[in-house]
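Asks: Residues or ranges marked as Mg(2+) binding site by TrEMBL: 9, 413. The ATP binding site annotation in TrEMBL covers 16, 230, 231, 232, 233, 234. Residues or ranges marked as region 'Disordered' by TrEMBL: 55-84. The annotation compositional bias 'Basic and acidic residues' is assigned in TrEMBL to 66-78. Annotated active site, proton donor/acceptor per TrEMBL: 170, in sequence order. Residues or ranges marked as site 'Transition state stabilizer' by TrEMBL: 202, 263.
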């Protein structure tokens, strides 16, 4: 009976889990196949929504339909579950639904957890008590992600005591960034002692995209140069040089770089002192009286009350795209995002010496918004990128060309974790 691997992605009020089975088919380069996907949203509301979709019947598990021992794909489920109120209860409900659909949860040997900020971790790690403390210490650097991930890890320890929980850090992909790019122009002794440097994020996504696009264009990844744009409610861009991360837009935290649904993106560091009321007075008293609670408030403003939500009142980029021609606030949010995206594309094109195999769009917005792709690429036509009629119909394949040197890739962070886990099982 083959092992099962869970890949879990914890958000501040959401939980996404994919169930993978080790695949004996040697033609499958990923080494695993997805058999079920689950999503729990609105965890912080009174009406959390649970969904479970089976992609195929798990091997060696019998369907319970009509009491017959035959392999049939269980039915999809979607329901409101008021009893779910946190990540632990969400995970407990998920396991219960798997059992009721005939899946033996005792086969779950590994749980892969996406951890956004890994600090000085340079590879995935089996989660121990020490690792929990280290991840918790980094929570302030990724407040929307590390905390919820820890809650799920605790739930896994309690509900799946025989399985191994492994942390896969988004920041690990970027350890190849050269020192002169990852360093800030501050006292280097203090920077080292406190770990103040550019870490970069969306690493699991970039790892998947980098590998799949290299396969698609028929080149060895180590010889590829790409500009990868993971555009979603959290957005970033990465320059790939010789198959490795060379630069990326996010920095010490995911806040830097591109604006997002609720994040400001890069701003003048002094902006927040003028933004908050207590620091609005340019005198020594105002600076002296900026306490920790006010600093936390400032971080909350830039992480949770900025971005296009602060400009338009919505976090839905589809709404912004559709209303930008009739609504000045929506037009402003759209134009800011486009401007920042093309700025980084130009920056990375120069850093890569003009040798770029492809500009790749991924992420929820990058994959779904043909309008955004068209406008961005139109503004960077001067450096050799173009889209054609394929841009409008993109989305049928995992990777596809949409014009001259432009690609769309449907990224899959959960699959990337499961693949890495399957490849490395002998090490755990």
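The backbone N, Cα and C atoms fix where each Cβ goes, glycine too.
Note: TrEMBL annotation is automatic and uncurated.
On a predicted model such as this, the values are computed, not experimentally measured, just so you know.
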Asks: Would you kindly give the Cα-Cα distance separating residue 413 (Mg(2+) binding site) and residue 202 (site 'Transition state stabilizer'), rounded to the nearest Å?
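Replies: Approximately 9 Å lies between the Cα of residue 202 (site 'Transition state stabilizer') and that of residue 413 (Mg(2+) binding site).
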Asks: On a simple 10 Å Cβ count over all chains shown, which one of the binding-site residues 232, 234 is most densely packed?
Replies: 234
Asks: Within 10 Å of its Cβ, which one of these recorded positions (16, 170, 202, 233, 413) has the largest number of other Cβ atoms?
Replies: 202
Asks: Looking only at 16, 230, 231, 232, 233, 234, the residues listed as binding ATP, what is the longest Cα to Cα distance in Å?
Replies: 19
Asks: Measuring C-alpha to C-alpha, could you say which of the recorded positions 9, 170, 263, 413 are within 10 Å of residue 233 (ATP binding site)?
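Replies: Candidates kept after distance check: 263.
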Asks: Fewest other Cβ atoms within 10 Å: which of the recorded positions 230, 263 wins that one? Let me know.
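Replies: Least crowded of the recorded positions 230, 263, by Cβ count within 10 Å, is 263.
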Asks: CB neighbours of residue 231 (ATP binding site) within 10 A?
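Replies: I get 25 for this one.
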Asks: Looking only at Cβ atoms, how many others are within 10 Å of the one on residue 9 (Mg(2+) binding site)?
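Replies: Other Cβ atoms within 10 Å of residue 9 (Mg(2+) binding site): 23.
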Asks: Counting distance between Cα atoms, which of the recorded positions 9, 170, 263, 413 is nearest residue 232 (ATP binding site)?
Replies: 263
Asks: Any idea what the Cα distance is from residue 413 (Mg(2+) binding site) over to residue 263 (site 'Transition state stabilizer'), rounded to a whole Å?
Replies: 21
Asks: To the nearest Å, how far is the Cα of residue 16 (ATP binding site) from the Cα of residue 263 (site 'Transition state stabilizer')?
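Replies: Between the Cα atoms of residue 16 (ATP binding site) and residue 263 (site 'Transition state stabilizer'), the distance comes to 21 Å.
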Asks: So of all those recorded positions, 9, 170, 263, which one's Cα sits nearest to residue 230 (ATP binding site)?
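Replies: Comparing Cα positions, the closest of these recorded positions turns out to be 170.
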